Amino acid sequence: MFSLNGSSFLNNSLSGVSRSLTQSTQRKISAPPMVVASVTPNGKPGDRNVSVLMENTLKEMRENAPSSSSASLTENESKSTVGGGVEDVYGEDSATEDHYITHGLSLLLGDESIFFVMMFLSGYPLLRDPHYNKGLAFTEKERDAHFLRGLLPPVVISQQLQYQVPLQRYMAMMDLQERNERLFYKLLIDNVEELLPVVYTPTVGEACQKYGSIFRQPQGLFISLKEKGRILEVLKNWPEKKIQVIVVTDGERILGLGDLGCQGMGIPVGKLSLYSALGGIRPSACLPVTIDVGTNNEQLLNDEFYIGLRRRRATGQEYAELLHEFMTAVKQNYGEKVLIQFEDFANHNAFDLLAKYGTTHLVFNDDIQGTASVVLAGLMASLNLVGGTLADHKFLFLGAGEAGTGIAELIALEISKQTNVPLEEARKKIWLVDSKAIKPTVLIGSSGAGRTFTKEVVEAMAYFNKKPVILALSNPTSQSECTAEEAYTWSEGRAIFASGSPFSPVEYNGTFYASGQANNAYIFPGLGLGLIISGAIRVHDDMLLAASEALAAQVSQENLDKGLIYPPFANIRKISAQIAAKVAAKAYELGLATRLPQPENLVKHAESCMYSPNYRNYR
């Protein structure tokens with residue numbers, strides 16, 4: 001045995017030492033400082049004094065490696081094992097739960113063979129790393145191999161038992177995400193209907209309002225006016241280099257809560273959690289971003305706990321230049337196929353940004369396009385209950401902002417597609433202003449103003465229609481145009497109702513009504529997955545229509561018999577795969593896909609590319 005402390009290891013002239021890289025390390029690893037544990041030939045840990053090897057040691061070993069090893073590294077670096085073409089450095093997606101996570105190399109010193117297991121983290125730091133921590137699920141063998149003895153209580157419990165612990169609050173879930181990423185996603189995936197309202201709307205709205213008070217550690221990039229001229233440099237500070245999806249906000253219109261400035265970061269963080277849990281995008285490939293240009297919220301400007309710039313919002317050229325620098329830097333740093341999702345921008349900026357960058361970047365606005373797609377899917381499903389085609393109905397909107405305008409336009413596009421009439425003619429079925437004369441069959445609220453669907457309004461809808469379709473879409477719950485109970489009671493149980501935020505089942509005259517939720521989470525995870533697996537370079541309206549049709553097709557007769565126009569969230573991963581397949585197929589059809597050739601079975605391909613949070617075995 002020999003010492004590895006200080007520089008003595010390097011001075012042991014490795015030039016005459018035979019080195020052979022094991023298969024698990026034949027890839028380029030850019031990592032924090034390494035920890036090296038010596039292991040004797042019988043597989044047991046060796047002397048603990050042979051412990052620490054800094055990153056420069058690994059660098060020198062790479063530089064001194066034979067050319068054959070270098071060639072092997074280069075060959076493996078060029079191959080992607082991740083669906084969507086992004087290198088999976090840690091084997092998160094290519095490995096099954098039975099594959100072992102090992103990074104090692106063998107050194108032959110004379111007649112004595114010593115195997116060094118090289119890990120990013122071991123012992124106490126391993127328990128603090130959310131990517132690799134398993135908590136009490138570390139086995140007895142793993143605890144010995146990775147110096148965890150005494151650092152954990154003696155009990156060993158399964159992942160299944162771990163995620164049975166009830167976590168009811170947003171803070172608890174965020175703490176879990178920081179502490180044990182895989183358990184967080186396992187819990188969220190397996191209990192999505194219960195936990196979706198906890199990690200996203202309506203709870204995320206309150207979290208954003210109090211973000212300064214509950215801030216613990218950064219979960220994304222904060223890019224402010226202070227970083228103007230240096231945004232590319234800021235992007236390079238993010239530890240993950242292979243990014244597939246960015247969700248970005250400037251915090252000016254957070255849900256229905258208004259300008260929350262820098263505290264809007266809770267929205268990108270929450271959205272990307274759903275991209276991973278519901279759409280199977282690797283967490284390490286997701287980047288939340290908040291663009292801080294100030295806030296016009298006087299309460300925040302005077303709040304000592306506010307974490308953003310204390311100035312009024314930048315507008316005009318100052319704002320446009322910062323956003324343009326951001327968009328340019330993203331494309332330069334991550335390439336043309338990174339998906340940029342705009343989230344909760346104010347109306348005037350939302351439409352401008354989508355129009356400006358829709359032809360040069362892979363961009364998507366969830367408030368405009370995502371909401372439109374999920375609402376259109378619900379309307380298409382509702383036709384099975386109310387009868388007729390979309391063209392047979394009249395649509396009245398309360399709210400002509402991002403969501404309302406986006407929904408109206410997508411409905412018109414679908415009507416035009418189905419009937420072969422000009423788009424302008426299809427738009428005549430839709431009213432974005434109040435009118436007592438049109439007798440609408442569908443009432444859609446996207447105003448952000450709570451309780452605006454009054455008793456008189458709902459009763460009028462029920463008077464004109466046997467089964468009025470009422471969609472109260474504004475978030476969070478406090479901003480909903482009406483509650484589920486109000487819709488069913490005032491329509492005498494005849495309404496086909498769905499809302500943006502969830503409501504509990506309602507009892508009316510001895511019958512229970514379970515309302516649907518027109519949640520964008522039905523659409524954007526599958527849409528994003530479809531764009532990634534096809535290598536799409538642009539988002540086309542036909543992709544949104546394809547996503548709507550795919551979602552509507554997932555509504556079963558059993559769902560319809562219960563008055564539901566959306567499928568259960570419990571099946572969301574399968575639903576996302578179906579949506580991804582339809583979106584990818586449309587990308588190939590339109591010539592916008594770059595990952596060739598097209599897979600024969602896009603549904604199976606989408607499912608195979610989805611991230612799994614199951615623990616990996618270590619050795």
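For all residues, glycine too, the Cβ spot is worked out from N, Cα and C.
Keep in mind that TrEMBL annotations are predicted by a computer and have not been checked by a curator.
For TYR200, the entry in TrEMBL reads active site, proton donor. The annotation active site, proton acceptor is assigned in TrEMBL to LYS271. Residues or ranges marked as (S)-malate binding site in TrEMBL: ARG253, ASN475, ASN519. Among the features that TrEMBL reports, divalent metal cation binding site is placed at GLU343, ASP344, ASP367. Residues or ranges marked as domain 'Malic enzyme N-terminal' in TrEMBL: 177-358. Residues annotated as domain 'Malic enzyme NAD-binding' in TrEMBL: 368-588. The region 'Disordered' annotation in TrEMBL covers 61-89.
Closest in space to ARG253 ((S)-malate binding site), of the recorded positions given as TYR200, LYS271, GLU343, ASP344, ASP367, is ASP344, taking the CA atom of each residue.
When the binding-site residues GLU343, ASP367 are scored by other C-beta atoms within 10 Å, GLU343 scores highest. Reported as a whole number, the C-alpha separation between ASN475 ((S)-malate binding site) and TYR200 (active site, proton donor) equals 11 Å.
There are 24 other Cβ atoms within 10 Å of the Cβ belonging to ASN475 ((S)-malate binding site). Binding residues for (S)-malate (ARG253, ASN475, ASN519) extend across at most 18 Å, taking the greatest CA-CA distance. A sphere of 10 angstroms centred on the C-beta of TYR200 (active site, proton donor) encloses 25 other C-beta atoms. Across the structure, ASP344 (divalent metal cation binding site) and ASN519 ((S)-malate binding site) place their CA atoms 15 angstrom apart.
In sequence order, LYS271 are the recorded positions from LYS271, GLU343, ASP367 with a C-alpha within 10 Å of the C-alpha of the residue listed as 'active site, proton donor'.
Looking at ARG253, LYS271, the recorded positions in this record, the fewest other C-beta atoms within 10 angstroms of the C-beta turn up around ARG253.
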